[in-house]
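Here the structure comes first, spelled out in structure tokens, and everything after it is commentary.
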Amino acid sequence: MTYIAQFFAMMLTALFIENIIFTRALGTSWLLYLIKKPNELFRCTVLLTVITTLSGAIGYPLRGLAEQSEHSYILVPMMYILCIAVVYTGVYFFIKHVMPETFVNAEFNLGAAAFNCAVLGSLLVPSVGRMDFVSTVGYGLGMSLGFALAVIITGFGIERLQLCKVPKIFRGLPITLIYLGLLSLAFYGLVGHQLPT
């Protein structure tokens, strides 16, 4: 029972408290892309969830081997990139052969879901934090769901901002970045950090 509680605790931590977008600013370029194409959000979230969860599960046992080397600061990220590439290849061929009609629509999103800094960050954070297997997989799952939550929250905010009279100089990307900054400060405060005085 403790493993289940630990799994859900790490998932909820990655989902709400340590949201990959709002607290670490990883994957913001993909977030801005998905805001413009909200109909692709579900497909991208599923792909991101599969890739982060499987990469974390595959990379965890290999992490111990890579950390034994004196050059672990180079080997661990490279090992995680190889894990992501292996999972990407497996998912690519699985979708291509099992669901060919879905493959046409998911081909671009699969590459974007696999090779972005949010996925690599979701693997490196548990590595630096010395998390165990259950926590690593839970963090990967929570990170991908937190990414979807960030896209939804940001999308709603952008829709509301388009209804307001925003000065011309702030329209578009500047107001989006200001909005993301305010959300990041809110999540930063949720963790319990205080701003320096």
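Cβ from N, Cα, C; glycine included.
Note: TrEMBL annotation is automatic and uncurated.
Taken from TrEMBL as is:
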TRANSMEM  6-34  transmembrane segment
TRANSMEM  41-62  transmembrane segment
TRANSMEM  74-95  transmembrane segment
TRANSMEM  107-125  transmembrane segment
TRANSMEM  137-158  transmembrane segment
TRANSMEM  170-191  transmembrane segment
Region pair the transmembrane segment (137-158) / the transmembrane segment (6-34), three or more CB pairs under 8 Å: yes
Chain residues outside the transmembrane segment (170-191) and at least six past its termini with a C-beta under 8 angstroms from it: 16-19, 21-23, 25, 28, 32, 35, 150, 153-154, 157-158, 161
